[in-house]
Each structure stands twice: as structure tokens, then as C-alpha cells.
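**Q** Marked as active site, proton acceptor by TrEMBL: GLU94. The active site, S-methylcysteine intermediate annotation in TrEMBL covers CYS337. Positions annotated as [4Fe-4S] cluster binding site by TrEMBL: CYS114, CYS118, CYS121. The S-adenosyl-L-methionine binding site annotation in TrEMBL covers GLY163, GLU164, SER195, SER217, LEU218, ASN219, ASN294. For 100-332, the entry in TrEMBL reads domain 'Radical SAM core'.
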Amino acid sequence: MTESKKNILAFSFEELEAWLLDLGWKKYRAKQLLSWLYQRRAADFEEMTDLSKADRALLAEKASLRHLEIVTRRKSIDGTEKFLLGLEDGNRIESVLIPDDNRLTLCISSQAGCTLDCGFCLTAREKLKRNLKADEIVGQILTVQRTLPEESRITNIVMMGMGEPLANLTQVVEALKRMISPIGLGFSPRRVTVSTAGMVPQILKLWEEVPVNLSISLNATTNEVRDQIMPKVNRLYPIEELLKVCKAFPLPSRRRITFEYVLLAGVNDTPEDAARLVRLSHGIRCKINLIPFNEFLGSPYRRPADQDVLRFQDILHHAGLTATVRKSKGRDILAACGQLNSEVGAASLPLVQPVRRTQTPTSALPC
Ligand code: SAH
């Protein structure tokens, strides 16, 4: 039975090399195999046509090559596609493929469910089932990539799907290494973004290991409001501590931190909030990404009117900040930011309100 055999994708690159040496292979041949696994989209040892028949048979005898199971695949009217993926223990996660101009971004998950309890996020309703392993994180890319036409490539990765990546630091770091390694998926670190709700000690640790883009979900300008909408994380790491680490962050020149700010009508979208956001971000090389709240059935919050979003953005612009409004893609299939949930995601839930079109300038990161 293949299931009892080790999945070759679960090996780190070093482990794979050692395993192949044990099988009597020369060291350099690990690269040949890695290229099939990570760059040439092989889903079976039989597809590895530059390996001898005997080598392919040996690999198949000793290990298996298993991608994630695509349970459902739903396409939005705007071209965004949501994949519900099955893990081997029966848990399910979601990944979202977002085509935009000349980019093809995949938004991936880091946990089944989520450690945190942010009140505006549908994933939080699911609670934490478990952390994903590195191969399950990277597996989302491999699985989705294989569904694309040969000439089509995923260009950007955002870790903004289900879960809090920095609550699963070890596996996330290993997965990021496989993503940016030239012998792995080969993404430039500038095309990979990790989004965190603000787990302060882990932020520096992440950056020491892999210098990818960092997005921080600030979402409020006072601890009072942040405690209310992001209780777990803000009680551990209140705004001052989060901003302190952002100020101390060893950002290379020309790189900026992104602050994400979910706009919730009447909660954190006032001109006073915008003015406070200007003050809080002072001294930090950053840009602000405003995300008008994406509604879901039973959510306690509302999406602000377009003119309120614009007013908020204007205040930031007048203070000289770069502030974009994120396009909400895939809202009709619950694929936008904060709408991922492996339980309700599978069903066709209606939106609370019809999708409104935003006319405001938008950001590079559709979600
Ligand atoms: N846990 C990580 C990554 C997942 S959430 C984090 O908190 O950053 C990814 C982004 O979506 C975050 O900026 C989050 O604040 C935002 N988000 C969550 N729910 C949302 C919703 N319903 N509408 C709009 N944005 C939402």
C-alpha cells in the first residue's frame, strides 16, 4: 500500500540527499530528483523520464509521491479560484488562486483552522485543528500548479490563507526555504509574503531565517479596539510592542513593511483612526494596505461605504503615506481575505450583502 510508504515530498532537501545516498545514489542526483518534484511538476515517478526504469522502480518501491487531494475547486466571476484541499488525516484547508494583470498569486494556508480568535475572520470560527507540516504548506503550491496549463506559472505566494503563520514558525520557515531555494520552487523572496497578526518574538526569528516580505495585520489604532477585535494576539502583544519590533526591524534599503488594516464600519474607520494610524506608523518604513471588511454570514461587522474608505485613504495620503485599497477578489465564492473556512467554504453560502464595486485605487495584492 502506497499510503504506508514515506511521501518523498515530506523530506527536507538534506534528508532527501541522505536518503538517496543510502539507496546508493550519487549525491548530485538529488538535484535531478528535486527538479522533477519542484520544478517539472511530476506527480508520479514514472513521469521522471530522464531516470532509468530501474531507478524509477526503486523509488516507487521505497517511497511514494503524493500531492494533496483536490476536494472541490470553485471559480469566481472575477477569475479567482478557490481550492478545498484534503490532507491525509482527513483535515481540509483552502488555497486561493488570484489572477491579476501579469501576476498569478496563490494565497496559501499555514494551519488547519487558526490559533487566533479575530472576530472579523471566518477562519477563526473553525478553531485550530492543527499546524500544517512544511510539505503540506508547499504542497498547496505543487497541487494547484499542476492544474495549470504548461505555460502558466504561479508568480507570487502570499501566506494569508487559513491560520497564523508565526504560530507555526518551524514548519513555515522550512516551507519558505523550499519555496525560495533555487533547487526548490525558486521564488524570489520578494515574491513571497508572510502575513501575521503580530506575534512579536516570532517576527524577528522569521526574518533571521528567510528574508521574505512581511505584512502585519494592525487593524486598529488603540489597544481598546484591538483587544476587542483581535483579543488573543493583542493581549499577548499590544500595539506598542508590535510597533517597537517594527521600528527595530533590520529592513534592507528599498524594502518596506506592509501594515494591513481591515476597515470595519463604525469600529476602526473614523478620521480619528486614520490620524492615529499616521502617528503610529511614524518612523517605520511602511506602506498601508486597507482591506474593506469582507462580509460572511453571521459576521458582526459591516463593510464601510466606499466614500468612508476613500476618506480614510485620503487622510493617509495627505500625511505622505503610501496607502492602497485591496481589491476584494473572489467574494462571491467566499475566497476573499478572512472568508476561508474549510467547513462553510465547501457549501455555497450566500453573501450577507451583494458585492459592491470599489472605485478606489487598489493595491498590488488582490484578496
Ligand atoms: N493570520 C494572518 C494571516 C491570515 S488573515 C494575519 O492575521 O495576518 C490575512 C489578512 O486578512 C489579515 O490582514 C486579516 O486582518 C485580513 N482579514 C481577516 N478577515 C477579514 C475579513 N473578513 N475581511 C477583510 N480582511 C480580513
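Any Cβ shown, glycine's included, is placed from N, Cα and C.
Any idea what these are sitting next to in the structure?
**A** In this view, CYS121 ([4Fe-4S] cluster binding site) is surrounded by 25 other Cβ atoms within 10 Å of its Cβ, with every protein chain counted.
Take the CB of GLU164 (S-adenosyl-L-methionine binding site) and look out to 10 A: across all protein chains shown you find 28 other CB atoms.
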**Q** Looking at the recorded positions listed here (GLU94, SER217, LEU218, ASN294), whose Cα lies nearest to that of CYS121 ([4Fe-4S] cluster binding site)?
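**A** Minimum Cα distance from CYS121 ([4Fe-4S] cluster binding site) across GLU94, SER217, LEU218, ASN294 lands on ASN294.
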**Q** Going by DSSP, give the three-state secondary structure for GLU164 (S-adenosyl-L-methionine binding site).
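**A** For GLU164 (S-adenosyl-L-methionine binding site) - judged by DSSP and reduced to three states - the answer is coil.
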**Q** If you measure from the C-alpha of CYS114 ([4Fe-4S] cluster binding site), which of the recorded positions GLU94, SER195, SER217, LEU218, ASN219, CYS337 fall inside 10 Å?
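**A** Checking Cα-Cα distances against CYS114 ([4Fe-4S] cluster binding site), none of the recorded positions falls within 10 Å.
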**Q** Identify which of the recorded positions CYS114, CYS118, LEU218, CYS337 has its Cβ surrounded by the largest number of other Cβ atoms within 10 Å, counting every protein chain shown.
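**A** Of the recorded positions CYS114, CYS118, LEU218, CYS337, the most buried by Cβ count within 10 Å is CYS337.
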